[in-house]
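According to TrEMBL:
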- 201: active site, schiff-base intermediate with substrate (ACT_SITE)
- 254: active site, schiff-base intermediate with substrate (ACT_SITE)
- 120, 122, 130: Zn(2+) binding site (BINDING)
- 211, 223: 5-aminolevulinate 1 binding site (BINDING)
- 239: Mg(2+) binding site (BINDING)
- 280, 319: 5-aminolevulinate 2 binding site (BINDING)
Ligand code: PBG
């Protein structure tokens, strides 16, 4: 049957009808809100390239946590900006590191809030790479050593679990990081702490504002030897499959907007909960355009987040989470 018997507009005739046939409903339960914690006292400093997102020192963090909880956001993703960096990122796995301290405090203030710890070294290394760097003797080329990096990432994950992190989210893109971290967590007794793997993480220009925020831009070279080529889709299946076999509890696609085809593919191929990371530049572009009056921020953000969910995301990491939670209430 076809037109004129079939008329698609029949189901669009009123708000009530449209809501009856709506396929995708965005809710606050879908959101994971990233938070940056830093050293010092009385710091609540806006990140210039990410209006509305701040660095918090420990003594200013509680107010932010209370706000997140009062908005009904179930989960946060913690990033640390440490006071000191070195070649092996030792502040990442320090018992008294910034992420560890923040995690302990947050679990006191808001035991129900799910704390996800980002497990990477790039904010903690002086060279800004996500692992240990070796300079090749003959060629002089710097390389990120996969297997040595794993040892440090395992130490980081275990110290985060020890501090009370509810979920470990490794974003480093070393090979074998899920099984190494799973083994490390299990050996330390954290068999029930899930791993939310940044399974499919592209070497993307969309992380620019985050690197300003986290002071984590690589000091030389780039991340293309460990993060994925944006041109590749079949490789995403291989990455995700490895993580499934290694024991990941969640899969992730990052960035989100330019990679919604990958979100859909993973959703169709695997049955683990799937996360989309609506990354920093996706946020900053909307904020910049909205500040110029070029678009309707609320409508754009809700449409974007709904699109990510429609593409297959079960959860969305987003800097828009607090605003979106308010808009969904109102
Ligand atoms: C750390 C990490 C990055 C992001 C999350 N974890 C940066 C990177 O890989 O350079 C980016 C997040 C964003 O842009 O919002 N490896």
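Placed from the backbone N, Cα and C atoms, the Cβ positions cover glycine too.
Those TrEMBL annotations? Automatic predictions, nothing curated.
Not one of the recorded positions 201, 239, 254, 319 places a Cβ under 6 Å from an atom of ligand 1. Non-local contacts of residue 239 (Mg(2+) binding site) by the CB criterion (under 8 A, 6+ apart in sequence, same chain) comprise 199, 200, 228. In this structure, of the recorded positions 201, 211, 223, 254, the smallest number of CB atoms within 10 A of the CB marks 211. Apart from 120, 122, 130, the residues listed for Zn(2+), the same chain places the Cβ atoms of 89, 121, 123, 124, 125, 129, 131, 171, 172, 216 within 8 Å of the centroid of those Cβ atoms. Of 211, 254, 280, all annotated as recorded positions, the residue with the shortest Cα distance to residue 122 (Zn(2+) binding site) is 211. The shortest Cα-Cα distance from residue 201 (active site, schiff-base intermediate with substrate) to any of the recorded positions (130, 223, 254, 280) is found for 254. The Cβ of residue 130 (Zn(2+) binding site) has 120, 121, 122, 144, 149, 171, 172, 173, 174, 223, 226 as same-chain neighbours under 8 Å, each 6 or more residues away in sequence. Residue 254 (active site, schiff-base intermediate with substrate) and residue 319 (5-aminolevulinate 2 binding site) are 14 Å apart (CA-CA, integer value). Taking a C-beta cut-off of under 8 angstroms and a sequence separation of 6 or more, residue 280 (5-aminolevulinate 2 binding site) has the following same-chain neighbours: 49, 50, 206, 207, 208, 209, 210, 213, 319. Taking the Cβ of residue 319 (5-aminolevulinate 2 binding site) as centre and 10 Å as the limit, one finds 27 other Cβ atoms among all the protein chains shown. The Cβ of 122 has fewer other Cβ atoms within 10 Å than any other of the binding-site residues 120, 122. Spacing of residue 254 (active site, schiff-base intermediate with substrate) relative to residue 211 (5-aminolevulinate 1 binding site) is 15 Å (Cα to Cα, whole number).
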